[in-house]
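Asker: To start, I am sharing the structure in question, which I have written as structure tokens.
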Amino acid sequence: MSFNLLKGKKGIIFGALDANSIAWKTAETIHAEGGTFVLTNAPIAMRMGQIDELAKKTGSKIIPADATSVEDLDNLVTQSMEILGGKIDFVLHAIGMSVNVRKGRAYTDEKYDFTTKGWDVSALSFHKVMQSLYKADAMNEWGSIVALTYMAAQRTFPDYNDMADNKAYLESVARSFGYFFGKEKKVRVNTISQSPTATTAGQGVKGFNSFISYAEKMSPLGNATAQDCADYTVTLFSDLTRKVTMQNLFHDGGFSNTGVSQEVIDRFSE
Ligand SMILES: NC(=O)c1ccc[n+]([C@@H]2O[C@H](COP(=O)([O-])OP(=O)(O)OC[C@H]3O[C@@H](n4cnc5c(N)ncnc54)[C@H](O)[C@@H]3O)[C@@H](O)[C@H]2O)c1
């Protein structure tokens, strides 16, 4: 179903690695809604992923950029405006990676070089992306910027490790930069706090399969899928949400406001 909500809108999409990626589904959905965009990912992901296939499908160009490199990001912003023929209306930041998680380091045994790297990739990169856009005056008025986050920023999920701290920082950057982007450029900045989703990044979290089943049972509407997230993101990029900014928006089937569900009680009564 398409509503042409993004007809004529131009953007940049970070983080499409493979068909499971939330950014991949979002790119397909934006394309169906009439939007055009540049796809970007870290140079290493170009070799690992299948982004070429997505580019072909959506008629998009790919510009590699390491989201921790200001030089790469400045180049991405300049080139995107050239390719798209003007300023940008929407940006999706769908980037996350913890080296501590990857290397199996517990939260109580962090290697701080790993922590710093993961924070740079997962959280500070959002500031870097926005600063590049801001300095280049690259966003159209009433444009929209979205980053993806997780509820471990507010409540403790032990296996989410240092990503919890990275997400808390990411959400704070959305509020702080959202103020300046709103005041100066009439651009909105929000984070979507998404249900656990079976992607490469998601499955890196220890005990992910049990956790996703638990979240499913705890959410009155069930977990939000990657496609649900894509649909929600489209609404935030559309002109129908122009005054929504500096928010962390839970998109989780009701999980975040559920104390306990009947299904979980039943499990403990067995
Ligand atoms: N999967 C979940 O359960 C879940 C839940 C809530 C939020 N999120 C968030 O959604 C976002 C997208 O993740 P996903 O689940 O689709 O997984 P994914 O693994 O498909 O996407 C993560 C992306 O980050 C990119 N990336 C890593 N380092 C980078 C760098 N230096 N520069 C540029 N890109 C880099 C990867 O190449 C990859 O494309 C992340 O922010 C993640 O934390 C995921």
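Just so you know, the numbers here start at 1 and follow the chain as drawn.
Each residue, glycine too, has its Cβ placed from N, Cα and C.
Automatic, uncurated: that is what TrEMBL annotation is.
A quick note: this is a predicted structure, and the numbers were derived from the prediction, not measured.
In case it's useful when we look at the structure, here is the feature table from TrEMBL:
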{"type": "ACT_SITE", "residues": "Tyr150", "note": "active site, proton acceptor"}
{"type": "ACT_SITE", "residues": "Tyr160", "note": "active site, proton acceptor"}
{"type": "BINDING", "residues": "Gly15, Ser21, Ile22, Ile95, Lys167", "note": "NAD(+) binding site"}
Asker: In whole Å, could you give the widest CA to CA gap in the NAD(+) site formed by Gly15, Ser21, Ile22, Ile95, Lys167?
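Answerer: Binding-site diameter by Cα atoms for NAD(+): 18 Å.
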Asker: Please work out the number of neighbouring Cβ atoms within 10 Å of the Cβ of Tyr160 (active site, proton acceptor), leaving out its own Cβ.
Answerer: 23
Asker: If you measure Ile22 (NAD(+) binding site) to Tyr160 (active site, proton acceptor) at Cα, how many Å is it?
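Answerer: So the Cα of Tyr160 (active site, proton acceptor) lies 18 Å away from that of Ile22 (NAD(+) binding site).
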Asker: Count the Cβ atoms, other than its own, that fall within 10 Å of the Cβ of Tyr150 (active site, proton acceptor), considering every protein chain shown.
Answerer: 26
Asker: Cα-Cα, whole number of Å: Tyr160 (active site, proton acceptor) versus Ile95 (NAD(+) binding site)?
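Answerer: Given the Cα positions, Tyr160 (active site, proton acceptor) is 15 Å from Ile95 (NAD(+) binding site).
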Asker: Rounded to the nearest angstrom, how far is the Cα of Lys167 (NAD(+) binding site) from the Cα of Tyr150 (active site, proton acceptor)?
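Answerer: A Cα-Cα distance of 7 Å.
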Asker: Give the subset of the recorded positions Gly15, Ser21, Ile22, Tyr150, Tyr160, Lys167 lying near ligand 1, defined as CB under 6 A from any of its atoms.
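Answerer: The qualifying recorded positions are Gly15, Ser21, Ile22, Tyr150.
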